[in-house]
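Trainee: Sending over a structure as structure tokens; questions will come in a sec.
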Amino acid sequence: MGCLCINLKKKVKKPTPDISGEQNTEVKSREITPKEQPRQRQPAPRAKFQIVVQPHKLPLPLPQPQEKQKLINHQKQSTLQQPEPILGRPFEDIKEKYSLGRELGRGQFGITYICTEISSGKNFACKSILKRKLIRTKDREDVRREIQIMHYLSGQPNIVEIKGAYEDRQSVHLVMELCEGGELFDKITKRGHYSEKAAAEIIRSVVKVVQICHFMGVIHRDLKPENFLLSSKDEASSMLKATDFGVSVFIEEGKVYEDIVGSAYYVAPEVLKRNYGKAIDIWSAGVILYILLCGNPPFWAETDKGIFEEILRGEIDFESEPWPSISESAKDLVRNMLKYDPKKRFTAAQVLEHPWIREGGEASDKPIDSAVLSRMKQLRAMNKLKKLAFKFIAQNLKEEELKGLKTMFANMDTDKSGTITYDELKSGLEKLGSRLTETEVKQLLEDADVDGNGTIDYIEFISATMNRFRVEREDNLFKAFQHFDKDNSGFISRQELETAMKEYNMGDDIMIKEIISEVDADNDGSINYQEFCNMMKSCSQSHQSKLVQPN
């Protein structure tokens, strides 16, 4: 079977939502109801955490001037001290044991690097979590529990191995097995052909992880393709491994779980009803299987609120292409994994016993419609180039276009530092009449914080709110296009796109190819002005931020 040619112009019945993590943002321990969900969001670091230590009470009688000055100096030093260790042991300098290398990726709480063990020369992955971004006590508890669960599950074949955890004054560092093969989505979209059999192999590994977790008394609570990595670049020997146990919990007998966690497209209906158990992991795996077979999630909308409404409605499409050509056995498994009633939903053992998923089972080698691959490639990163374009336009809007937003920024930036912290954003939104929850405010800050430093600077604020000022105006779009078209050729070449994106650490070679594939409608290998405008105008409302939309 040869490589399939992906027809990017082929019309599909509904728009392809972005579930790559750019618009489908991970929801960490959200304390909100489905009706209160914010609009599309992008994962980004959390708010700046300011540590305040209460001053010591002065003893009676009052000290002499010299003693008083010593006490004041001691108080100043106390305010600079960090909170008590999260791991409950003395701080360690990780650089004494490991040398940190290039960045592998960024998440809500920190950055993952490649690191080398000094004593052995072996490479590992180091997930460095910035403690100032752990705003709530619950955030700190989640980190402790993540480490406990990873140690507890250590040695299981389809789970990323943790080597150790270290803590210094600024960060908690998790040193883990290095998975050099990349994310599950990359494996799917790179294949020369894609079949039901390939989908069965992938979902079998996913459900084996679920089975191990449930057998050992753990609910993952955030299963999605981005949280599965390939152990090596050699496809023949590579294993699929689960990672990111940041919202996972130990199963407690008789406990009803109520907090809404996970990622929008993969959330089970009982999570939204705040009454769930381990069956939610099977639902999430069922969503992954649905995507593997057709390229779209079973429940989609332009906003998280809309997605949740579709999930609660529970109607699954098996009529649109390519479902008529998918085997009945595959559809039967999907239906049983996505049973609305968790009591009727398959267990992990039942899934693995299904004839379609078993090794040597009914899953066919027949290639799935190439449009599925095309859609799945679109799920990866479409907004990367658009994000840079918005930033450029924000930097170049006229003064009169920015007056209102400039005043709003100044009013929120109460300490006149030139940046807005979490507390300033929360206070400013309350003054505007906003009724957003604490979690939603944090998410807004993360969405706008492009450089990941935990605060919003002026340009980031304008980028997040400026669509009210007609960002799609022709002159702004043309200037943005010229900014990327360095040689004035009338096209944005692959090299020009690569230069622009790598300047902001916003994309690797695969990502750049995918953006060109998606935007380049005439398939000439570059992006012309009309293609650029079409990209900027598509789903433009999804960029709108609640920063300027009080409820």
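Glycine is treated like the rest: Cβ placed from N, Cα and C.
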Trainee: If you look at how Swiss-Prot annotates this chain, which of 146-176, 363-393, 456-486 comes out as region 'Autoinhibitory domain'?
Mentor: 363-393
Trainee: Write down the one residue from K95, K122, K127, K131 that Swiss-Prot lists together with L104, G105, R106, G107, Q108, F109, G110, I111, T112 as binding ATP.
Mentor: K127
Trainee: Could you give the Cα-Cα distance between D222 (active site, proton acceptor) and Q108 (ATP binding site), in whole Å?
Mentor: 14
Trainee: Would you count the other CB atoms within 10 A of the CB of T112 (ATP binding site), including those on all shown protein chains?
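Mentor: A 10 Å sphere around the Cβ of T112 (ATP binding site) contains 19 other Cβ atoms.
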Trainee: With a radius of 8 angstroms around the mean position of the C-beta atoms of D520, D522, D524, S526, E531, what other residues of the same chain does the Ca(2+) 4 site pick up?
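Mentor: My list of surrounding residues reads F491, I516, V519, A521, N523, G525, I527, N528.
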Trainee: Using C-alpha positions only, work out which of the binding-site residues L104, D415, T419, S489 is nearest to T455 (Ca(2+) 2 binding site).
Mentor: T419
Trainee: Among E460, D522, D524, S526, E531, these being the binding-site residues, pick the one whose CA is nearest to that of D413 (Ca(2+) 1 binding site).
Mentor: E460
Trainee: Going by DSSP assignments with H, G and I as helix and E and B as strand, what are the residue counts for the domain 'EF-hand 4' (512-542)?
Mentor: 20 helix, 2 strand, 9 coil
Trainee: Within 8 Å of the Cβ centre of L104, G105, R106, G107, Q108, F109, G110, I111, T112, K127, which other residues of the chain have their Cβ, at the recorded ATP site?
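Mentor: So the additional residues around the site are S128, I129.
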Trainee: Just to confirm my parser: what is the rounded mean pLDDT across the domain 'EF-hand 2' (436-471)?
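Mentor: Over the domain 'EF-hand 2' (436-471), the predicted model scores a mean pLDDT of 69.
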